[in-house]
Amino acid sequence: MEPGRNQLLVAILLTSACLIYCKQYVTVFYGIPAWRNASIPLFCATKNRDTWGTIQCLPDNDDYQEITLNVTEAFDAWDNTVTEQAIEDVWRLFETSIKPCVKLTPLCVAMNCNITSGTTATPSPPNITIIDENSTCIGDNNCTGLGKEEVVECEFNMTGLEQDKKRKYNDAWYSRDVVCDKTNGTGTCYMRHCNTSVIKESCDKHYWDAMKFRYCAPPGFALLRCNDTNYSGFEPKCSKVVAASCTRMMETQTSTWFGFNGTRAENRTYIYWHGKDNRTIISLNKYYNLTMHCKRPGNKTVVPITLMSGRRFHSRPVYNKKPGQAWCWFQGNWIEAMREVKQTLAKHPRYGGTNDTGKINFTKPGIGSDPEVTYMWTNCRGEFLYCNMTWFLNWVENKTNQTHGNYAPCHIRQIINTWHKVGTNVYLPPREGELTCNSTVTSIIANIDSDGNQTNITFSAEVAELYRLELGDYKLIEVTPIPFAPTKEKRYSSAPVRNKRGVFVLGFLGFLATAGSAMGGASLTLSAQSRTLLAGIVQQQQQLLDVVKRQQEMLRLTVWGTKNLQARVTAIEKYLKDQAQLNSWGCAFRQVCHTTVPWVNDSLTPDWNNMTWQEWEKRVHYLEANISQSLEQAQIQQEKNMYELQKLNSWDVFGNWFDLTSWIKYIQYGVYIVVGIIGLRIAIYIVQLLSRLRKGYRPVFSSPPGYLQQIHIHTDRGQPANEETEEDAGDDSGFGLWPWPLNYIQFLIHLLTRLLTGLYNSCRGLLSKNSPTRRLISQSLTAIRDWLRLKAAYLQYGCEWIQEAFRAFARTARETIAGAWRGLCEAAQRIGRGILAVPRRIRQGAEIALL
């Protein structure tokens, strides 16, 4: 019995201690390296701010540090706000720079057209000689297989400067740009697409200058980059993550089939593959030096002719029957590069087709697609080239039995299908003079189609894929430096103390360096981290504000002006939001803020030594709204308590006791009590009145004669005085007015006594009826009291037993230590005596030796 009682006592003690000590409360931390995905506007930075499209970008000085994070993060090049912004911004710059001309010439009028002589295309031989930069046909523009463009001469009538007269005009058109009633391109013709365009503004010739810029995150936000070499556009668990404030430089070249002058080329071939379908973007190995050179021979003139006031028509005299003929040739080890693409595809984890590279073929899109899909479409100094890549594909696939070569015939078009939005733009005819442009081929846009036995790499016209390759390994995050975690400390009442010591600012990304550290280690440096965070945000805001001030006159020119303002506003909103949130919780100017709000889930606790703050944030994200609401309610209650406490403190001043405003509340309480008593008396009176009515009595305010019949009050009849007149004297029928109120008061007292007596008897009867229940409750309370006494006795006995055990332990320890000390002292004495006896022993030994 005794051991069981001791075990019960120990269990009770442990349980009580756990209930007291293990209670956890919500603690707010500020300056924690945690984040969530964001989708806010980015702004640009560039080295070349002289071009029209980048004049409002921040100056780039290459001082953008990257910090390695020991975290795991998900990346997706297609579901990515960074790439989506790049696609939209490049499209806007492209549209604004090129300025499509929607004032068609010669509008929608009937034209009489005839095919010019000698415009048939020259047939190409079955085999074509491979050319390079030293080939003579390049300079002479007569390489084998380059035919002439089909041209039709048209004339039409239209009013000119003289509105009442019509004038005849002549013009040369490509046969593919007109629709005629005869199949051979003659007869009555109309310009193709003339009824699908809208007249809105005039246009001039512009160059599409290649612009390189980088995106930067606004203050309070950051960019993460997947640094894994095996990253293929979709990676749910990238373990090599770095944090940066800006992206790498990106190229704004637009084209189909190929990507030119990209910044992602490496000494290897790798593939970005869409997570849900067969869309890919293939980065080519820069080791093979793949280039493309395009040329449009010159000696052509474009002469504007005025049709009428404010409207111009551009005529194209034909000199060499090739007004829009251009061509491109490819240099580098293309055959080996394409072979490496096939080998890389066969090893890709997403690929499920044949591993035989001989059955993996490059193919062009099917017939019937838009020209931008059927042909390779690119921009060369503001002109749009459409190149037939059949010869080129036969060459890289080594199809010697078909026409093949390393160059492709191209033509320039005015009617262009837009690449980002559905629509058609019409541009001015080609400018005069020779056009040349050189580009480095860095990627291939393709769709992978596999049926198990054969795989086709079909070239694609998805221009947007180019920017997914450029920036697909980045993601934008919003830094959330205010997380919650449970701790055993509870808030104590004290005034918040501001830290006044300065800290060295490492930049906005400095505090993210601890993102991979354990929660306990990261929380130890909160003071420096939070101040670094705030200082970095303020610094970035100031830089943006300076740029906006310098360029406020040009904000309307490009998309960057608006994005800079948006970034500035976003940064201020985030900073104010964080500070307002901390203030609403009563945690302003605190890095670690303990609260009185209990932790909602005791089973959900962090591993301070092994868990990062980012991992903890993902686990408790669903509790954020409830905890935030509880913290706000606790702070409101705390403010109410402080207000009441401050009001009580006002009584410490002796002069406040004589302040009438301090007593108004208590005076009000007294008035309320008096009014309540009066109301109670009125209620009792009404109850008694109703009670008398039920028993057949007349109301107490009936006439005196009727009332005196029930309560007989006899009075003596008074004699009139001698001086009274006849009018003053009279018979009052024996009634006196003054005795009646006294008897009535006695009557009310009697009724009140009976009422109270009745209430007392009723309550006593009710209690007597509930005596069994009271006895049962009394017995239960007695049993509980006995049980508590028993447990208290157990607890007292256990405490006495523990105290006795401690006293016995203390006695034993004291005796043991005393014995050990005595033994140690005796041993030290013996050693000392032995040391002191050494000279004597030596002397005695010497004496014996001498004897």
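Cβ coordinates come from backbone N, Cα and C, glycine included.
Features reported for this protein in Swiss-Prot:
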CARBOHYD  Asn134  N-linked glycosylation site
CARBOHYD  Asn142  N-linked glycosylation site
CARBOHYD  Asn157  N-linked glycosylation site
CARBOHYD  Asn184  N-linked glycosylation site
CARBOHYD  Asn230  N-linked glycosylation site
CARBOHYD  Asn261  N-linked glycosylation site
CARBOHYD  Asn278  N-linked glycosylation site
CARBOHYD  Asn289  N-linked glycosylation site
CARBOHYD  Asn361  N-linked glycosylation site
CARBOHYD  Asn401  N-linked glycosylation site
CARBOHYD  Asn610  N-linked glycosylation site
CARBOHYD  Asn626  N-linked glycosylation site
REGION    502-522  region 'Fusion peptide'
MOTIF     697-700  motif 'YXXV motif'
SIGNAL    1-24  signal peptide
TRANSMEM  670-690  transmembrane segment
Alpha-carbon spacing, Asn289 (N-linked glycosylation site) to Asn157 (N-linked glycosylation site), which is rounded to whole Å:
53
Pick out which of the glycosylation sites Asn142, Asn361, Asn401 has the most other Cβ atoms within 10 Å of its own Cβ.
Asn361
Asn610 (N-linked glycosylation site) has how many other Cβ neighbours within 10 Å of its own Cβ?
10
So, in DSSP terms, is Asn626 (N-linked glycosylation site) helix, strand, or coil?
helix
Round to the nearest Å and give the CA-to-CA distance linking Asn134 (N-linked glycosylation site) with Asn230 (N-linked glycosylation site).
40
Assigned element (helix, strand, coil) containing Asn278 (N-linked glycosylation site), judged by DSSP:
coil
If one measures from the C-alpha of Asn361 (N-linked glycosylation site) to the C-alpha of Asn278 (N-linked glycosylation site), what distance in angstrom results, rounded to a whole number?
15
Within the predicted model, mean pLDDT of the motif 'YXXV motif' (697-700):
50
Which of these glycosylation sites has the least crowded Cβ, counting other Cβ atoms within 10 Å: Asn134, Asn157, Asn230, Asn626?
Asn134
For Asn230 (N-linked glycosylation site), what is the secondary structure by DSSP, using just helix, strand and coil?
coil
